[in-house]
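Student: Encoded as structure tokens, here's the structure I'll be asking about.
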Amino acid sequence: MNTIGISLALFQSLSILCICMGSLRSVCLEEEQSVIIPYISNRNGQFVSDLNNSTSYQYLYISFKWKTGLHTLQLQKSVQSLSNIHLTWDDGNETLSSSFHDECSYQGNVVGKAGSVAAVSVCGNLNGYVLTTGYEFVIENLDDDYHKTGLHKLTACRVKDFNFIQMKTNNKSRHRRDASDSKKYLEVLLAVDPSVVQFIGKEKVESYVLTIMNIVNRVYKHDTLETDIEVVTTNIFLMTNTDVKAVYVKNDARLTVDRFCAYMASHPRYAVGSKHDISVMITRNAIGPAGYAPITGMCNPTRSCALIKDEGFTSAFIVAHEIAHVIGVYHDGHGNDCGGREFQYSMMASMVQSTLHHYWWSRCSNDRIKQAMPYLTCMNNNPLEDPLKGVSDPLGKAFNLDDQCRYEFGANHISCRSYYGDLCDTLWCAEKSNMRLCKTKRGRPLNGTPCSSGKYWCMDGKCSYHGHNKPRDGKWGEWGSWTSCSTDCEVGIKERSRRCNNPRPAFGGKPCEGDDKEVYTCSTGKECKEYSDLRALQCSALNGIPIRGRAHTWLAYQKEKGQTRSFEDMDLEDGTPCTYENPNNICVKGECWKVGCDGQMNSSETYDDCGVCGGNGSDCKLVKGTYERMFTYERWPPKYERILVIPANSRKIVITEGQSASHFFAVRDPAYGIYYLNGNRRLATRLKKIVMNGAWFEYENQYNRESLKSLGPLRRPLELMMMPQNKYQKARVNYEYVVKKDDFTFEKSKYEWVYDHWTDCSVTCGDGSQHIVNKCIDKDTKESVIDDRCLYVGSKTDEPVKCERKPCDAET
């Protein structure tokens with residue numbers, strides 16, 4: 001597999017985390033509590049019914065009176081969780097799970113209040129968060145008799161008017177989501193510790209945390225976020241004191257996060273019925289900051305997690321903020337130009353001050369999310385639509401689910417009827433006297449166990465059809481259109497896909513044979529005017545991550561023979577060259593595809609020694625020479641001395657020291673003045689493998705004798721420099737490389753014309769002309785050489801200039 005390769009020794013020894021300081025509650029200028037009776041209404045606030053049957057509506061108006069005014073919420077059902085969420089907890093050596101439907105989450109606004117926001121849970125009562133001009137409302141049922149009384153508690157907090165923030169974000173240049181972009185689904189497991197359950201109450205905790213996630217989903221739907229992300233809650237795990245003891249360290253959020261990540265990765269049973277992309281722990285215990293999370297951990301079970309300090313519904317913004325960190329987003333102003341007062345209310349400000357009334361995603365956050373999405377393949381699947389696949393060869397009938405439950409838990413147990421996932425994924429059982437309390441020993445039912453109707457049975461953890469209908473094999477539908485070429489110069493890729501739906505396999509029929517996607521190379525026939533190192537660009541996405549209090553620069557790296565070191569299991573982007581030595585072979589879906597120099601897949605066409613496709617070397621020349629010099633300086637330390645310029649497109653580069661000396665090489669980019677190797681007058685390493693201007697180099701310094709080698713091709717020129725260390729030692733450097741015959745970089749850098757003498761005036765009297773005659777010299781030795789060496793560095797003679805002699809005799 002080809003993956004982004006970087007030097008990981010320091011990175012792997014640390015968890016890269018982000019801390020969010022401070023509380024999220026807005027500054028409450030004045031707080032008051034009231035008792036209200038909300039009801040279902042029409043848009044005008046007129047009574048329609050009480051709240052008991054509210055979940056049957058896709059669209060809903062709910063009104064309540066507060067002070068002297070009537071407030072009407074205009075709501076729409078929010079799909080931010082699976083239809084069957086599993087509340088899971090441990091009891092000794094058993095895992096218990098109770099499933100429930102989330103039909104309660106709604107989002108919307110207050111009628112007639114521009115910029116207002118509502119995120120509430122409506123299941124016979126009203127719980128949630130409403131923000132309107134000047135006020136934040138927190139609404140919750142007053143007591144357990146709300147079904148009879150309809151009484152609710154409203155906490156109103158008067159806050160500053162942030163209209164200037166809203167106007168600012170409205171005036172920002174926004175880019176609407178491209179309809180062609182694929183939607184991303186972020187599946188969340190919530191781990192709720194006992195401190196939250198005790199504070200909220202076990203009977204309310206499901207509704208409470210789902211309301212928080214309702215707000216989180218709304219944050220990711222904001223029109224300033226250009227990537228379409230659906231936040232889906234899959235599981236709620238109620239942690240026990242034993243669980244908390246295993247992960248929680250008082251006032252040490254970092255260590256708690258590390259332990260929580262490891263704990264969740266080693267306890268997959270808590271993710272009942274559906275896998276998740278990220279685990280979020282919510283606590284009211286002291287952790288120090290408001291939130292803590294790794295950066296770039298998404299899709300990696302050992303790092304995809306976050307820790308949140310629960311402070312009410314506004315904690316949703318900390319959840320959204322920390323999730324963004326795990327996706328790979330940094331704070332605004334940290335390593336980017338989105339800093340300052342202008343961004344203090346952005347979602348990724350270092351001090352989170354966002355609320356539903358005033359929050360937005362910055363340009364820098366959008367850019368980072370777009371960079372990360374191609375690597376986060378775990379967010380591609382839609383958990384809301386997960387059809388079962390057919391089984392080609394189902395087994396015979398064995399024991400039914402009830403039988404197996406009796407064998408596992410005793411005679412009074414049968415299959416759990418309240419479990420709405422795939423019954424074959426895990427054997428869930430319940431006592432007949434309490435069918436909503438389910439338990440499991442974390443094993444699957446036996447293959448062949450009947451499930452659903454009599455024509456279905458379990459096979460490899462799936463409930464699959466095996467009815468008496470004749471098996472129907474799947475057939476492919478038509479191919480879709482080709483995508484555009486991934487690059488506008490040199491070689492890229494294009495792809496098209498098809499679906500196994502003409503017809504779909506059924507009744508035990510075979511799935512379609514062959515690939516559902518075709519990928520081919522493509523080329524515009526144009527040469528790239530400027531080289532762009534795609535591998536290095538993808539590694540640079542990690543720049544700015546703080547380790548031990550400072551940022552680092554991440555460089556591309558590859559192992560011998562084209563293998564690469566991996567970072568966080570992220571595949572290289574499709575179309576990235578597999579190696580630097582053979583840039584034609586490209587990465588596609590994590591695999592290296594062979595491509596000839598003619599741009600055709602599996603072609604045997606190769607470059608010759610100087611980069612001519614299909615060439616035989618007749619257009620090549622070997623540049624070879626020796627640099628010798630004694631360094632004499634009046635002042636010490638001296639400056640770097642240039643040995644030679646290695647031109648672009650050079651191959652088979654070999655630089656060696658002819659003798660042991662304390663002087664050492666350095667390599668510089670002439671365009672930017674950046675030293676890739678041994679800069680700052682220091683010999684930084686004895687052995688190094690490094691990418692420099694698109695070529696993979698191996699540097700070695702053994703016993704003060706250096707060598708620098710690369711197969712090339714070099715994409716931009718490099719300067720080979722030397723740092724003198726001893727003025728009594730002679731420097732001797734041998735060099736060679738191969739280029740095309742029409743490349744005269746060496747001649748131009750090695751030789752030059754210098755003044756030799758003036759010619760005589762062309763006349764003996766009157767006006768004439770004369771010019772300077774130059775001689776060709778070696779720049780290093782300053783000695784004269786034959787004129788042919790300077791053939792490609794300009795003219796031997798300069799432009800003629802006027803010369804005057806005494807006037808000619810008029811009579812002659």
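Including glycine, each Cβ sits where the backbone N, Cα and C put it.
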Student: If TrEMBL gives Asp277, Cys378 as binding Ca(2+) 1, which of Glu187, Glu203, Glu206, Glu478 does it give for that site as well?
Tutor: Glu187
Student: Could you pull the disulfide partner of Cys305 out of Cys261, Cys299, Cys338, going by TrEMBL?
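Tutor: Recorded partner, per TrEMBL: Cys261.
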Student: Pick out which of Cys500, Cys528 TrEMBL lists as the disulfide partner of Cys512.
Tutor: Cys500
Student: Looking at the disulfide bonds in TrEMBL, identify which of Cys451, Cys458, Cys522 pairs up with Cys485.
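Tutor: That would be Cys522, the partner TrEMBL lists for Cys485.
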Student: Considering the candidates Cys405, Cys438, Cys451, which is the cysteine that TrEMBL reports in a disulfide bond with Cys429?
Tutor: Cys405
Student: Say which of Cys299, Cys364 is recorded by TrEMBL as the disulfide partner for Cys338.
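Tutor: Disulfide mapping in TrEMBL sends Cys338 to Cys364.
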Student: Please name the cysteine among Cys424, Cys438, Cys489 that TrEMBL pairs with Cys458 through a disulfide bond.
Tutor: Cys424
Student: Given the recorded positions Glu187, Cys261, His321, Cys416, Cys458, Cys512, which lie within 10 A of Cys378 (disulfide bond) by CA-CA distance?
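Tutor: Taking Glu187, Cys261, His321, Cys416, Cys458, Cys512 one by one, the ones whose Cα falls within 10 Å of Cys378 (disulfide bond) are Glu187.
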Student: Among all protein chains shown, how many Cβ atoms are found within 10 Å of the Cβ of His325 (Zn(2+) binding site), not counting that one?
Tutor: 25
Student: Rank the disulfide-bonded residues Cys305, Cys451 by the number of other Cβ atoms within 10 Å of each Cβ, and give the residue at the low end.
Tutor: Cys451
Student: Find the one among the binding-site residues His321, His325, His331 whose C-alpha lies closest to that of Cys299 (disulfide bond).
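Tutor: Checked the binding-site residues His321, His325, His331; minimum Cα distance to Cys299 (disulfide bond) goes to His325.
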Student: So if I measure Cβ to Cβ from Cys338 (disulfide bond) and keep only same-chain residues at least 6 apart in sequence, which ones fall under 8 Å?
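Tutor: Correct list: Asp332, Ser346, Ser362, Arg363, Cys364, Ser365.
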Student: Going by Cα-Cα distance, which of the disulfide-bonded residues (Cys261, Cys485, Cys500) sits nearest to Cys463 (disulfide bond)?
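Tutor: Comparing Cα positions, the candidate nearest Cys463 (disulfide bond) turns out to be Cys500.
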Student: Can you figure out which of Glu187, His321, Glu322, His325, His331 (the recorded positions) comes closest in space to Cys451 (disulfide bond), comparing Cα atoms?
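Tutor: Of all the candidates listed, Glu187 is nearest in space.
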Student: Just counting, how many other CB atoms are there within 10 A of the CB of His321 (Zn(2+) binding site)?
Tutor: 29
Student: Count, for each of the recorded positions Glu187, Glu322, the other C-beta atoms lying within 10 angstroms of its own C-beta, and report the residue with the smallest count.
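Tutor: Comparing Cβ neighbours within 10 Å for the recorded positions Glu187, Glu322, Glu187 has the fewest.
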Student: Is Cys424 (disulfide bond) helix, strand or coil when read with DSSP?
Tutor: coil
